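Asker: Summarising the annotation, Swiss-Prot assigns GTP binding site to 19-26, 84-88, 139-142 and lists sequence analysis as the type of evidence. Marked as Mg(2+) binding site by Swiss-Prot: 26. The annotation domain 'tr-type G' is assigned in Swiss-Prot to 10-207. As annotated by Swiss-Prot, region 'G2' applies to 63-67, with the evidence given as similarity to another entry. Taken from Swiss-Prot, the feature region 'G3' covers 84-87, and the record attributes it to similarity to another entry. Summarising the annotation, Swiss-Prot assigns region 'G4' to 139-142.
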């Protein structure tokens, strides 16, 4: 039987569950799929039980092994892809590698415990990697008799969110019980539906990749006699059309401007190339030696070359093929951005002597050449072509 056609009529949003171990992330994921299957039956809304979500398959993303469960469901207005990372380490890796790009997340906090160390760490990571919209689900409220205690826990969560620059006073907090909803208690099922209504309204529809400013990482460059220089690569975001003015950014100190005189895909002329397309772009007024792999073609003014930034990184374990030993301040590996390696030095946070394989840490990086980067750009850390870490730019410094 043919697979059902993917329905594009509803907007698609990526979300996930985050929070401390055993606070009920996976139970909530199961409850959402199950309650939606009961209340809004459709071919997409199929109940998933705890065990099937918990037994997440291993995936490899940029050389790192991650367990992640992917489930899909739909509300009346939207289609969702939802990720749930079972272990804390999986969650950290997911965020840092960009394997799971979330438009928003549901922060699950057990009312019986209140915020715990991983609650804090996941909030910080969300801030660092650019997950801007969090909704709080206070779970296990059926186990707390004291109304004042629930109020205290809610205040504590809101304060913690404000501490990390989320709108702690204003963001939605829903109190419920994932387990009770899963078991079919209609009062708690109603709360799951309320949670989904909140997700529908509070997490904005993401901007589509084609609506963003053009970014095309250059993979290859060649010249066509009599026509000029062609740069090829996969369009990361945005669109490119004939007669567009573009900038060539990175590696070199100056930004070069040019005009697109042709766009080709599979040797055919196109009117425009879209995000995801592998294209060749013919550039007027650009010599073969004025553009190289590792640069990007971008909409003018949309991205700048930088050498200094803060990054949130995960360092691979020996078992993942990473280093066997720690590294120290001023470690100088290569940073692989999109299509090229650039050497850079690492400065560790004050008070951090060294970084062990398996750690995640915030670092300051200084590259020897400028690269087109912005907050949210992902990179790998490599040593002689071998990946030893993975990171994401959290702040531009120079």
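Cβ atoms are placed via backbone N, Cα and C, with glycine included.
Predicted, not measured: the structure shown is a model, and the values here were computed from it.
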Asker: Just to verify a number: CA distance, residue 26 (Mg(2+) binding site) to residue 141 (GTP binding site), in angstrom, no decimals.
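Answerer: With the alpha carbons as reference points, the distance is 17 Å.
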Asker: For residue 141 (GTP binding site), which residues in the same chain are close in space, meaning a Cβ under 8 Å from its Cβ, but six or more apart along the sequence?
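Answerer: Same-chain residues close to residue 141 (GTP binding site) (Cβ under 8 Å, separated by 6 or more) are 111, 150, 175, 176, 177.
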Asker: Express the predicted model's confidence over the region 'G4' (139-142) as a mean pLDDT, rounded to an integer.
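Answerer: Across the residues of the region 'G4' (139-142) the model's pLDDT averages 98 on the 0 to 100 scale.
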Asker: List the helix, strand and coil residue totals of the region 'G3' (84-87) as derived from DSSP.
Answerer: 0 helix, 1 strand, 3 coil
Asker: Please list residues from the chain of residue 25 (GTP binding site) whose Cβ is under 8 angstroms from its Cβ, counting only those at least six apart in sequence.
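Answerer: Spatial neighbours, sequence-distant, of residue 25 (GTP binding site): 17, 18, 19, 84, 108.
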Asker: So, three-state DSSP: helix, strand or coil for residue 141 (GTP binding site)?
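Answerer: DSSP assigns residue 141 (GTP binding site) to helix.
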Asker: Which of the three DSSP-derived classes (helix, strand, coil) applies to residue 22 (GTP binding site)?
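Answerer: Its secondary structure by DSSP: coil.
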Asker: Return the count of C-beta atoms lying within 10 angstroms of the C-beta of residue 19 (GTP binding site), excluding that atom itself.
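Answerer: Here the count is 26.
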Asker: Count the residues of the region 'G2' (63-67) that DSSP assigns to helix (H, G, I), to strand (E, B) and to coil, and report the three numbers in that order.
Answerer: 0 helix, 4 strand, 1 coil
